[in-house]
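**Student:** Pasting in a structure now, in structure tokens, and then I'll have a few things to ask.
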């Protein structure tokens, strides 16, 4: 007996209201169509956890470093501003998806710009998600095995517990994590199957936040924390242009657009998707602000690109070593559970790009396995060759992430194939595109200039 035989009238009505674009190869099929007969739709809570997990990934670890560049006032203001921009861009995607009866981001880009638009979206998701997952692995390697990317060595948890051995070296630890954690979690074929791991990952992120806040409050009380810088320290043109290097990090922190349709498609009641988005963004913005403020308060100008790497020294409070390990291990575990949520749309889009006319992805077990193995291998190699999360964030944030979050939604709205865009929508979209192109262009230039200055030509 299928779900269609036992579903109530209300359930059947809500499912009929879902737009279906059968020509969009990167879409997850409705679960009734792919054999998950027992699935009756995802709950509101499960959807919020899945979307929150998509948002709160590795970006949170680089946010305290943005406070070091921007100062607390400007930094927190931009976190809030980016949350509102993200909500506006997602609202546009959903509105135009309903109008065009598109069930995915790729289908919507195809509706607006044809096959070229759909391919551009798929490529952007590949670049963004591969980059983000590489960052996850880098952070896990930093936490468990240590890092020397800042010039000085910061010991990892395993190194601190057992000393240096071959089995707690970075490459081996990441290999074991990939084989026994990432690979099993990546085998789920339905995103709602990950709702419990998503809830646990959000809980682990909150544990990290509570410990960080607690440590900071104790140090504030005993007077061992100096007054943080409230505004950016701009002394010359180089320091001014450096402000723009934070934009890709802030943009990446809110990129969840590629998973909104997948979560919407599995919701029991599709009218709940907007409250789901707003709830998830509000939750994540609160976590971001508190992490940025208390992380920067705790470490000040010594804040590293990956703030977790700062938790390897004596914090000057009782049980410092235990708290350091609790912070790092809890967030490393969080990232391990976030991995499959970001991996899900990555695999789906790569399959749609390579095999647009093949049978449904979830029914092709061999293809499913080969694409999964290929992507995980690529991410593993990237994590072992890219030294710093800031480098990865600068690349993905200034290219694919800004397209997914702002340029593509704004372009779809300006294209307005269904004549539903208002004057306010158009003004906002022009602003989004101008802001994205200018700020990320400056960020790329600033990074390139800093790299050239850091590695001068041998003839100079």
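Glycine is treated like the rest: Cβ placed from N, Cα and C.
Computed from a predicted structure; not experimentally measured.
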**Student:** TrEMBL tags one of 141-160, 241-260 as transmembrane segment - which one?
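**Tutor:** Residues 241-260 are the ones TrEMBL records as transmembrane segment.
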**Student:** At a threshold of under 8 Å on Cβ distances, which of 69-88, 200-221, 241-260, 329-348, 368-386 pairs most often with the transmembrane segment (119-140)?
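**Tutor:** Highest pair count goes to 329-348.
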**Student:** Among the recorded stretches 69-88, 200-221, 329-348, which has the greatest number of Cβ pairs closer than 8 Å to the transmembrane segment (241-260)?
**Tutor:** 69-88
